[in-house]
Structures are given as structure tokens and as C-alpha cells.
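*Asks:* The following block contains the structure, expressed as C-alpha cells.
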Amino acid sequence: RPGVLENASSVGLALIVWIVTGVITAIGALCYAELGVTIPKSGGDYSYVKDIFGGLAGFLRLWIAVLVIYPTNQAVIALTFSNYILQPLFPTCFPPEKGLSLLAAVCLLLLTWVNCASVRWATRVQDIFTAGKLLALVLIIIMGVVQICKGKHHLSEDPVNAFEPFQKYDVGQIALAFLQGSFAYGGWNFLNYVTEELVDPYVNLPRAIFISIPLVTFVYVFANIAYVTAMSPQELLASNAVAVTFGEKLLGVMSWIMPISVALSTFGGVNGSLFTSSRLFFAGAREGHLPSLLAMIHVKRCTPIPALLFTCLSTLVMLCTSDMYTLINYVGFINYLFYGVTVAGQIVLRIKQPDIHRPIKISLVWPVIYLLFWAFLLIFSLYSEPLVCGTGLAIMLTGVPVYFLGVYWDNKPQCFNTFVDKMTYLGQKFCVVVYPAEDKPKEAGGIELKEEKSPLAGEDNEATK
């Protein structure tokens with residue numbers, strides 16, 4: 001991402017940011033692996049925070065995910081998709097913002113329909129486009145290696161020169177570079193959102209983490225090395241679509257391969273985010289923290305159609321904001337805030353329930369290392385971008401009165417309950433959905449810890465075979 005290089009201020013430090021971010025992501029994934037098999041419930045960090053710290057903390061995690069994290073994440077990826085599709089059509093200028101937003105909206109609507117129609121279709125799309133993403137990155141890496149072998153590159157023979165800054169180093173900006181990098185690694189905890197749908201989660205959850213995180217770190221670092229073989233830092237920062245510029249420099253008449261490959265990659269990214277965010281909202285509704293309609297599934301397809309429509313609509317609203325890097329800073333700061341809270345919960349759970357069965361049990365050194373890095377990142381990000389970070393915190397705190405009025409308060413007026421029931425009934429009729437037979441929404445405050453099997457893991461679901 002150009003945002004990493006821009007904030008890191010030098011090529012060498014940018015590469016270190018990519019490596020360190022990958023290592024920290026791997027440590028966080030180890031912590032989540034232990035939590036995922038200790039609390040085998042879908043919903044990811046929302047479920048863990050709720051069970052460990054209580055309903056209010058869990059609700060705030062869900063609230064900020066509903067309002068900011070997932071809509072922003074999906075909007076950014078969809079805008080990136082449309083940018084790579086349209087950039088070749090506007091070689092001398094940036095694509096029009098309205099065109100970008102319109103194509104991003106079409107992408108979201110199409111993938112929402114796919115996810116509503118069939119879980120099998122959604123997972124097939126994910127498999128195909130993930131393979132396309134890896135092929136694109138491998139192509140970039142191979143071209144970078146060829147450039148180095150030919151001696152035609154922008155890399156200095158003296159490694160020290162790679163750290164020569166093109167602007168003054170700033171600790172706050174470096175922290176923002178880590179936030180930008182963390183966005184690119186986003187998705188490392190997605191499997192924790194669908195734990196109940198996994199086949200043998202005690203084996204497959206940690207296996208997927210141990211394979212994917214090192215692979216992604218390797219690919220991202222060497223892809224960025226490949227970029228700097230063909231482009232100077234100034235060219236990288238000036239490009240609105242780095243892979244397109246890279247392809248134009250090295251592939252000639254075949255340069256169209258790069259924008260298509262990256263577009264396919266981001267298309268799969270939107271699909272994966274829709275898949276997991278709908279499961280998070282489904283889990284929240286099942287716990288009584290969101291409207292009960294979101295806990296319903298289609299009578300035949302077993303897909304959470306209301307939750308998918310909800311996340312799609314919230315993302316379409318977010319598309320009205322076009323500054324992608326500000327959006328990434330929102331997502332990065334708030335995500336890291338709750339990642340740290342979740343990892344801290346791992347330590348709290350060890351103290352509160354030392355004898356609970358843990359199929360995976362890692363050394364507490366790892367969550368401590370993660371939390372130290374987490375504290376550095378949040379403190380300096382807050383120092384560097386107080387308005388962005390403060391706005392994110394303010395949005396999160398708006399969930400406190402909502403929790404007490406909407407969840408904690410049991411004796412609501414009868415007219416309110418009647419209105420909610422009517423809206424739920426209309427939503428059921430419109431989406432043709434019902435409560436899963438074994439899965440009625442829980443009352444607020446019911447925060448028991450138990451293993452559950454998701455109704456979404458039934459008919460047509462091959463999400464993790």
C-alpha cells in the first residue's frame with residue numbers, strides 16, 4: 001500500500017513495517033487460535049470479549065463493527081476493486097469518484113446476492129479469487145526477481161541507502177504506517193467468526209492460521225520488494241494503482257494482466273468480508289445484542305439473508321466517503337483497540353478459569369509481546385491523528401446508552417415491543433426467513449459459555465471442508 005511507504009518515509013523502513021506487521025499478526029493469530037478452541041463460538045472477538053468481560057464490552061465491540069469497521073472495510077476494498085477496473089481506462093488521470101462509487105456499489109450488490117443465494121457459491125467464489133490473488137502476487141514477485149537478476153532496479157547496492165528518508169522521520173507517522181500495513185493483513189481472524197461452521201475446528205482452525213500467516217507475510221514482503229525494483233518511491237506515491245503502474249513498466253502490451261488480477265483479488269476480498277461480517281451480525285442477534293431479525297436464516301438456503309442485506313446497506317452508505325486512507329486509519333485504530341482487548345482477555349481467562357479445557361495453550365509471553373506492540377501503536381497513532389482516533393473512540397462510546405436502552409432495559413413500553421414485532425414480521429415475510437429450530441435469540445444478560453453448533457453449518461455449507 002502507498003500509505004505504508006508514505007508514512008514510513010523510506011523504502012527500508014517500509015519493508016521493516018511489512019515484516020514486523022506480519023510477525024505481530026502471526027502472534028495475534030496464535031492468541032486467537034487458543035481463544036477460538038477454548039470458546040468455540042462463531043462471532044470471533046465479539047464472542048470472546050462478551051464471555052470474558054461481560055455484555056457491555058461485547059456490545060461495544062459489536063457496535064463499532066456495525067457502524068465503522070465492516071462497512072468501512074468493505075467500502076475500501078470495493079473502491080479498490082473499482083479503481084483497478086477503471087484506472088486503465090483513464091491512463092492520464094484519476095477515474096471519476098462517482099464512477100468508482102457506482103462500480104463499487106455494483107460489486108457489493110452482486111456479491112450480496114451470491115451470498116444470499118448459496119453458501120456453496122460464496123465459498124467457491126472465495127476459493128477461485130483467492131487463487132487469482134496469489135497468482136497475481138507470484139507474478140509480481142517473479143518479475144521483481146528478474147529485474148534484480150538483470151541489474152535493472154531502483155535498489156541500492158548499499159542497504160543503508162534504503163533507509164535514506166524522502167521526508168523527515170516521525171514516530172507518529174511510523175505508527176500510522178503500521179496501521180496501514182495491518183489493514184493489508186486484515187482477515188487473519190476471519191475463521192474465528194465462523195468457528196461453529198468449521199469441520200473439526202480444534203484441528204483446522206490452528207492449521208489454517210499456521211499455514212496462512214507465514215505465507216501471506218512472505219508474499220507481501222517480496223511483492224513490495226518487487227515494486228521498488230521497478231519504481232522509485234516518488235513513482236510509488238504518485239500512483240493511484242501501484243500494480244497497474246508496475247505492469248505498464250514491465251509487461252508492455254500484456255500490462256492489462258495486472259489490473260485484472262488485482263481487481264479479481266479485491267473482488268474476492270469483498271466476498272470474504274461480506275461472508276464473515278454477516279456471521280458476526282448473526283451471532284450478535286442470536287445473543288440479543290442486535291434485532292432478532294438478523295438471527296434468522298432462509299427457510300431453504302440456510303443463508304442469513306437479513307444479516308447480509310444489513311451489512312450491504314451499511315457499506316453502501318459508507319461509500320459516500322471516498323477518502324480511502326482516512327477510512328483505513330479509522331478501521332486500523334479501532335480494530336487494533338479491540339484486538340488488544342481480546343488478547344488481554346486471553347490473560348484474564350487464564351487467571352479466572354485456569355482449569356478450563358484448552359486444546360491449544362500458548363505461552364503468555366506471546367500475548368504480552370502483542371500487547372506491548374499494541375500499546376505503542378495506539379498511543380502514537382492517537383498522538384499523530386488525534387481527530388481520527390478520537391472520533392473513532394467517540395463513535396464507540398455512543399454504544400453505551402444504546403446498550404442500556406436497547407439491551408439491558410427489559411421493561412420496555414408495550415408500544416415499542418409491538419412495533420419491533422411488526423417490523424420483524426415484515427422482515428420475515430420479505431426475506432422468507434425463520435429462526436433456526438434450535439436457535440432462538442437469547443435474553444440480554446445470558447452470557448453463558450458453552451459450545452454451540454451453528455445452523456449455518458447445515459444444508460449447502462462447505463465453507464471449510
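Glycine residues also receive a Cβ, built from the backbone N, Cα and C atoms like all the rest.
TrEMBL: automatically predicted annotations, no manual curation.
Bear in mind that the values here come from a model prediction, so they are computed numbers and not experimental data.
So TrEMBL has the following annotated:
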- 445-454: compositional bias 'Basic and acidic residues' (COMPBIAS)
- 445-465: region 'Disordered' (REGION)
- 12-32: transmembrane segment (TRANSMEM)
- 52-70: transmembrane segment (TRANSMEM)
- 101-122: transmembrane segment (TRANSMEM)
- 128-146: transmembrane segment (TRANSMEM)
- 208-230: transmembrane segment (TRANSMEM)
- 250-270: transmembrane segment (TRANSMEM)
- 305-327: transmembrane segment (TRANSMEM)
- 333-351: transmembrane segment (TRANSMEM)
- 363-384: transmembrane segment (TRANSMEM)
- 390-409: transmembrane segment (TRANSMEM)
*Asks:* Are there at least 3 C-beta pairs under 8 angstroms linking the transmembrane segment (52-70) and the transmembrane segment (390-409), leaving out pairs fewer than 6 apart in sequence?
*Replies:* yes
*Asks:* Does the transmembrane segment (128-146) come close to the transmembrane segment (363-384), meaning at least 3 CB pairs under 8 Å for residues 6 or more apart?
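*Replies:* No, the stretches stay apart by this measure.
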*Asks:* Hey, does the transmembrane segment (208-230) touch the transmembrane segment (333-351), meaning at least 3 C-beta pairs closer than 8 angstroms, sequence gap 6 or more?
*Replies:* no
*Asks:* What residues elsewhere in the chain lie close to the transmembrane segment (101-122), defined as a C-beta under 8 angstroms and at least 6 residues from its ends?
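*Replies:* 74-75, 78-79, 81-82, 85-86, 267, 270-271, 274-275, 278, 298, 301-303, 305, 308-309, 311-312, 315-316, 319-320, 322, 456, 460-463.
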*Asks:* Can you see whether the transmembrane segment (12-32) and the transmembrane segment (250-270) are touching - at least 3 CB pairs under 8 angstroms, only pairs 6 or more apart in sequence?
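*Replies:* Between the transmembrane segment (250-270) and the transmembrane segment (12-32), which are separate recorded stretches, there is no contact, as judged by 3 or more close Cβ pairs.
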*Asks:* Near the transmembrane segment (250-270), which same-chain residues lie under 8 Å Cβ to Cβ, leaving out any that are not at least 6 residues past its ends?
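*Replies:* Non-local partners: 74, 77-78, 80-81, 84-85, 87-88, 107-108, 111, 125-126, 128-130, 132-133, 135-136, 139-140, 143, 147, 187, 230, 241, 243-244.
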